[in-house]
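S.K.: Dropping the structure in here first, questions after.
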Amino acid sequence: MTESRGVRHRGHKAPSPAPPLTGAETTPRDEKKELGPHEGQSKPQQTGFAPADLLKTEYLVHVVGLTYTLLSFWTRFYKIGHANSVVWDEAHFGKFGSHYLKREFYFDVHPPLGKMLVGLAGLLAGYDGSFEFKSGEDYTDEVPYVAMRMMLASFGAAMVPLGWYTAVELGMSQWAAHIVALMVLLDVGWLCISRFILLDSMLLFFTVLTVFCMTKFHNQRTRSFSFPWWFWLTSTGISIGCVSSVKMIGLFVTALVGLFTIEDLWEKFGDVSISVQDQLKHWTARVICLIFIPILVFMASFKVHFMILTNSGPGDAQMSSLFQAGLDGNEFADSPLEIAFGSRVTLKNVGYGGGLLHSHAHPYPDGSAQQQITCYHHKDHNNEWDILPRWEEPPYDPEGPIRFLQDGDVIRLQHPPTTRFLHSHRIPAPITKLHHEVSGYGNTTIGDVHDYWAVEVVDDLQRGSRAAVLKEGNIHALTTRLRFRHQVIGCYLRAANVNLPQWGWKQVEVTCDPENNPKDRHTYWNVEMHRNERLPPGDIEFYHSPFLVDFWHLNVAMMTSNNALVPDPDKEDILASKPTDWPFLHLGLRMNGWGDNTTKFYLVGNPIVWWGSSISLGLALAVLGVYLLRWQRKYVDMTDGEWTHFLYVGKVALFGWALHYFPFLIMGRVTYLHHYLPTLYFAVLMFGHVLDHLVFSSRRLPLAVKATVFGVIASAVVGTFWWFKGVAFGIDGPIGEHWGLLWRKSWNIYTQ
Amino acid sequence: MASKSPQAPRLRQRQVAVPTQDIDDSRLHQEDHVGEVYQNPRRRHPVEKLLETRRASFIVVSVLTALAFALRFYKINQPDQVVFDEVHFGKFAAHYISREYYFDVHPPFAKLLFGLAGWFVGFDGKFLFENIGDSYTDNHVPYVGMRALPAILGSLTVPVVYAIMKESGYSTVIAAFSASIILFDNAHIAQSRLILLDATLIFFLSLTMYSYIRFKKLRYLPFSTEWWTWLTLTGAFMACTWGSKVNGILTVATIGIAVLIDLWDILDVKKEGHTMEYFWRHFTARAIGLILVPFIIYLSFFYVHFAVLTKSGPGDTFMSPAFQETLSGNEMLLNSQEIKYLDTVTLRHKDTKVFLHSHIERYPLKYEDGRISSQGQQVTGYGHNDTNNNWQIIPTKALPEAGRGRYVRHGDVIQLLHVNTQSYLLTHDVASPLMPTNQEFTTWPKDDHSRHNDTLFYININEGHDGDVVKSKSGHFKLIHGSTRVALWTHTKQLPEWAFKQQEINGNKGATEKSATWFIQDIIDSEDEDFKNRTEDHVEPKKPKSMNFFRKFGELQLLMLQHNAGLTASHPYASSPINWPFLLSGISFWTENDSQKQIYLIGNIVGWWTCVISLSIYVGILGADLLARRRGLDPIPDPVRNRLWNSTGFFMLVWGVHYAPFFLMSRQLFIHHYLPSHLASAMIAGSVFSFILSETVNYPVSVRGPSTRAHPKQYADLGIKAPIIFVGFSVAMLVVLLFFAPLTYGTPGLTGEQVNARRLLSTWTLHFAAKVTAEVV
């Protein structure tokens, strides 16, 4: 274990001697010094910790780190602009970046930080946001795509030195740390995904950074409340905030930090020698740095998001009506204020994540088989409804006196494109079976009393309570919140973010709830768009909807859309893969067209890295099992310190991997190969750890064996990288001319 | 802080932590409370002494059992109609009696018992329990006898719960408390009065727990006869639990985990210094008692199952042809014929039962969604007999004049000639009418050889081997297209009017797709002279073949697993597991509109909420104990802690293992899946009740072995409080039970207002509720 020592003990060179109580790690490790034999490069260290050696070691670590950084930038930047067309999800994320530059409000399932950085990269590169980023299209001259890709690839490049330093901080021997760094450097999957305008490079960077900060913080544990201790704790918190603001997958590494912290605090809690004050200080520090700071970072990213996107854009309909009214270029302010019979309106569900009441000319597949009614988050003519009087009353007369809509009025809502009426009856709704189905029924001449809806005013955001509205009288667009009660059944029109299956295009189910829950926001609606030529245009002064409301609303909407991304059993998605396909690289993913003239990119890992790291996970569990059994039989295999260290690194790697892997198995969402990329990092750490434990730090194996193992593995990683580099750097010409890439029969690299 | 001063005798009062100066001294004594906690049994409260006598205990358990029978048999003939899942389980019992093969996701033990019960009371198996609400009386079904079986088992669960608590060392009152939570529970009663599997499951679960506890108590007398007996009984009851319902596998998991923990302790060299050889003896004993024995018993259920069900029935089609050929009267057996080339046959899809059909009409050039077709002749799936279903099998190789060479074999390349239009079946890379991802099927004139290659199909028998001959009816095969490798496939979607709403046929790119299976229904015509001899009238029915039991067993197990996972359709009364402990939703079992009667499965809210509160208290106690011990405090005396961690911990394990997995399941879930966990939570409630009232326990409960260190005995003493609280609690339970009795027993009918009164939680979706119409102000 010697050669690692110079590295691992960097935390301990602090002059202040750690109190013996806490340091199960300190003492045994010092003993190890005597036990540990001889390893090649570290010969000088054997004499002990002379300051000069320490300096040298530290120096060496940075030299190596710098070397890896340079190599890393070379791999990430090499021929980065070679494919001058929009590759894969650049179509999405490039477009989102453009929206920031044009400051148009858009909607997406991912949090905004990563996309804002894409926008920033565009801004710095001098891009004006005018390009449409259609999939597969060639970039025009105005788009500085190379500069944008390079800026984003820098995040991917930074992974490599971070990987190296993390391995060092985890106390791996230098050989193991080299293996980790080489694998991070030379995995073609990480390489490939980092070279485009995608969020993954940032996600990977922040994930790796979080782990790095956490290990740094861990190594400060004997110096509680010192400046470095606070620094790394805070950095961990900020990093968590960033990773979660790039993609929700960041929550998994957050969970890892959470578990680590809980264990740490549990240890502290059992340490009777720590005073109560210090205990409280420890707890408070973590709550502030690991809970408040990340939440602040997350919310700040949304705040900036809202501050940048002040123009009306394609994502408006996801947000509340009031928020939309506050966007520039929105015409709500000009629409008439008071609703009257004959008005054409769109109805917005007030619940968080609510959409617009919608219908389209497709029937329900079962139930009444009448026309579908849904909630929809995009603006089109199918969201519009005409307010009409009951069948018994004289039909609406465009010439007659204007009749304003009042609380308690019974109305029919007609869908102009299909002339159907909003209708409900005692048939179970398609998903929420205990509610009644809402359908579109009849036409301008056919209809019945089941088309009647009583309007109930809930309150008004500007005028206050229901009583205030009733006193003043009329119902206002945007601000008055309404409920629609079915006249015959007495149920309430409701939409609660339940997605319909594919036959309903994953839009939100609309039901009629027989229970009267006056507090249920999902039964509240407000008029959003309002058109009525006979009424004067309103000049409404809006108050802005508060940030926290918008923030929550947008997050609920993101969740709902995310939940709608479930695999469609009727449709074969050749890009999607199952989590079980990942660890052993059962499938690769074509990132763009496969024509002979395009530059082709194939998302697939370095097989040695993927297979090796997956095997190491099983091996680690087996080794752990053997140790536990032997421990129960009271065999002493390791000193306490070694055992703690073996467990610590193993836990970081294993829990990190499990937290990034098992949730995908449970999720109903569509999963893709690139979801495994953050997971892979922990597997690689485990690979280094297992090798370190079994080989490089072994007391029994001679140096020659260790050198051989290192040589074989390192050259295998380098060799496979060289063999597969084309899939990340781009393959030109007919794929058939590139021989020998089909390492698993299931890859679709050559054939359909 | 030391929790107790070593000098003070530890009696019934909780020891208030005395701040002592000499921490070291107190630590010395902390490890063992032995000396301090001796107690004289005669100094207990007289009530406790009275109740702990054998006689009192016997009287209590007798009363509980008698009440249990009374509550479960009361009006058991009501309603005289098929209720809820009696539709399934009654039907299965009928199948046993008529010996017709059926298929179900649950193992057969409980259903065999129902069959036995039905046979015993003279049920002839003719009534098939088709719909909820079908009358038993009109159909002369001796349903009371069949319902008596779960009622008996459900009633017996109550004394078993009592016995479990007694064996675990709790006072009579506590045991009665736990038993009464089950005794007065509406949900347990409702489930036990109907032909459902849960009562059997729960009864055998409780027996498994009981046996395991008895076994555990003999741990100082390992390998004694008694020890072996209880070990084997645990295994046997476990098999019965598992054999009753698939959920029973969770009981197996529970015992498995408990045994692993146990073995881990035996492995600990520090504890008693056992040798590895000793450990392996223990290991082997448990492997025999808890793996081998249960497995043999579990197998034997299926052995009986197959032995009874020898006739063809509704379950045939789930099984493989080889399996079906073991059932007498199966169609396959009657006239399964070998197919020769140039035979004219009809092909039928296995799942949807449509015939491969073609007619002169062509696909429209343009579909509604704007996609383009080949405008070729339509190929559809048609459900009825028609000459357009006739296809002739054309060889692609030279045939010998006569002999075995003329048979169609696995892996052969064939063409299918549509007889009426004289055109070959063809598929090509054109999207099908309804699914853009799948290929269109059409036909191509016989004389035009330009597209010969697209008319070639491999005929691959499922699980076939080279040389196997394709047989009509029994031979299930896939038809794989030669050049594009798609499989001939159909699904239940109908084509529009232009194809007469017939079913769409298309080419599925997943060539391994299970539902792409076809078989040859009939041989219509043949070039062969002996054709007449091969048609059904001329063939003697064959004898049922036999099949290795283990192969049958394996096949059925696999199917059960697949179908269980496939039960994902939504159901109005399905609920998510998080609702269950809080009793947020029930299931409507049965309703009768005229009399406004209904059966609604809902638990006794007093009992269920007591259980939930107890669970949280229990978790709180353990958490507090962990935290305190982490800080070097020791608030709970060792015997009590042992009880909490080991005995109550076992109940908690049962609870957790029977509950948590449901969160991961995507199949439809119902509140009655929680009943096994509810049983365990009733025991936890008893334990917590005991802990709250007193810090005393009966200890030790394990049987002393020759080498065990003598622990001074301690006795639980709950005083007079416990019986009083117990009586009060039971009365409350009984009142609630009676209040909800109309929903549990399905009689008498309730008015709308009465229904509303019983709707304590708004999430209970009772029928016949009076409408509370909200006024529009």
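Positions of Cβ are set from backbone N, Cα and C atoms, glycine also.
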S.K.: State the residue range annotated as transmembrane segment by TrEMBL; the candidates are B:549-567, B:644-662.
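M.R.: Checked against TrEMBL: transmembrane segment maps to B:644-662.
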S.K.: Checking feature assignment: transmembrane segment per TrEMBL, candidates B:59-77, B:249-267. Which range matches?
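M.R.: So the range that TrEMBL calls transmembrane segment is B:249-267.
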S.K.: In TrEMBL, which of B:1-24, B:313-336, B:385-408, B:481-504 is labelled region 'Disordered'?
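M.R.: Based on what TrEMBL states, region 'Disordered' spans B:1-24.
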S.K.: Please figure out which one of B:170-187, B:194-213, B:249-267, B:287-309, B:722-741 racks up the most CB pairs under 8 Å against the transmembrane segment (B:644-662).
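M.R.: So the stretch in question is B:249-267.
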S.K.: By Cβ distance under 8 Å, which residues at least 6 away from the ends of the transmembrane segment (B:194-213) in the same chain are close to it?
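M.R.: Result: 83-86, 89-90, 93, 106, 109-111, 113-114, 143, 146-147, 149-151, 153-154, 156-157, 160-161, 163-164, 167-168, 188, 230, 233-234, 237-238, 240-241, 244-245, 247-248, 251, 255, 258, 589, 647, 650, 654, 672, 675-676, 679-680.
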S.K.: By DSSP, how many residues in the domain 'MIR' (B:405-462) are helix, how many strand, and how many coil?
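M.R.: Its residues fall into 9 helix, 29 strand, 20 coil.
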S.K.: Which residues of the chain, 6 or more past the ends of the transmembrane segment (B:287-309), have a CB below 8 A from one of its CBs?
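M.R.: Same-chain contacts beyond the flanks: 95-96, 99-102, 107-109, 112, 115, 228, 231-232, 234-236, 238-240, 242-243, 252, 255-256, 259, 315, 327, 549, 552-553, 556.
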S.K.: Of the stretches B:109-129, B:141-164, B:225-242, B:674-693, B:722-741, which racks up the most C-beta pairs under 8 Å with the transmembrane segment (B:599-624)?
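M.R.: Of the candidates B:109-129, B:141-164, B:225-242, B:674-693, B:722-741, B:674-693 scores highest.
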S.K.: Could you give me the DSSP helix, strand and coil counts for the domain 'MIR' (B:336-396)?
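M.R.: Going through the domain 'MIR' (B:336-396) residue by residue, I get 3 helix, 30 strand, 28 coil.
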S.K.: Find the member of B:225-242, B:249-267, B:674-693 that has more C-beta pairs under 8 Å to the transmembrane segment (B:141-164) than any other listed stretch.
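M.R.: Highest pair count goes to B:674-693.
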S.K.: Given a Cβ distance threshold of under 8 angstroms, which distant residues of the chain, six or more beyond its ends, lie next to the transmembrane segment (B:225-242)?
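M.R.: Residues packing against the transmembrane segment (B:225-242) from afar: 107, 109, 200-201, 204-205, 207-208, 211-212, 214-215, 218, 248-249, 251-252, 255, 285-286, 289-295, 297-298, 301.
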S.K.: Should anything in the same chain at least six residues away from the transmembrane segment (B:249-267) have a Cβ under 8 Å from its Cβ atoms, list it; otherwise answer none.
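M.R.: Distal contacts: 204-205, 208, 212, 216, 219, 234, 238, 241-242, 274, 278-279, 282-283, 286, 290, 294, 650, 653-654, 657-658, 661, 676.
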